[in-house]
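Take a look at the structure below.
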Amino acid sequence: MDLSVLLSFIGLSVLLTLTPGPDILFVITQSIARNHRDGMAVALGLCTGLLVHTTAAALGVSAILHQSAVAFQLLKVAGAIYLLWLAWQAWKGSRYASFGETTTPIQSSFFALYRRGVWMNLLNPKVSLFFLAFLPQFITSTGAPVAVQMTFLGLLFLVQALVVFLTVARVAQSLGKILFRNPAWAKPIERIKAVIYLWLGVRVALMER
């Protein structure tokens, strides 16, 4: 793969990562409502999910799964249910939201948020479909074996996604500090999160192959 193709891949990957979707919106909402540390936990979880998708795509597992209508539907339903559960948790948590309190019922541990990021990514059928459609466009017939190229491109996508997510988390945290100078913003932010998760859950539920 020559340098121009590599730079094109990285540039497109960054743009696609910044496109509004479950992953980037999850990072933003967690960072605004809480802090950069929580955004980082989510980002690491999401990228762990990307690592699994990369491995599945390189081994051909993703292609096999998406040839099965039943497997696709099961993954889609699981993803939608998970997002709707997050929406309910955020809405329920809004009753306790009060900026400036160090301990509230809506606080989550680093590992809990990391785990949410992993499941958010793994249960999104769009991610594996994206890998199957996007990565092969940059694979050359004269290069290394296809599985090796898929793995390299997937890992490269993962690295840029982590950089983008961490940068977005930092910016979102700064925005959150401005918003939460007024404690009255705490409850509306949690409810906005709930609406975003609800919208994403409906989108996943209505997704077609």
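Quick reminder: no glycine exception, Cβ is built from N, Cα and C everywhere.
According to TrEMBL, the protein has these features:
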| type | residues | note |
| --- | --- | --- |
| TRANSMEM | 6-28 | transmembrane segment |
| TRANSMEM | 40-64 | transmembrane segment |
| TRANSMEM | 70-88 | transmembrane segment |
| TRANSMEM | 118-139 | transmembrane segment |
| TRANSMEM | 151-172 | transmembrane segment |
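Below 8 angstroms of C-beta separation, residues 39, 42-43, 46, 83, 116-117, 120-121, 124, 126-127, 130, 134, 138, 153, 156-157, 160-161, 164-165, 168-169, 172, 196, 200, 204 of the same chain, each at least six residues beyond the ends of the transmembrane segment (6-28), sit close to that stretch. Sequence-remote contacts of a segment are chain residues at least 6 beyond its ends whose Cβ falls under 8 Å from one of its Cβ atoms, and for the transmembrane segment (40-64) they are 23, 26-27, 30-31, 110-111, 113-122, 127-128, 131-132, 135, 147-148, 150-151, 154-155, 157-158, 161-162, 165-166, 169.
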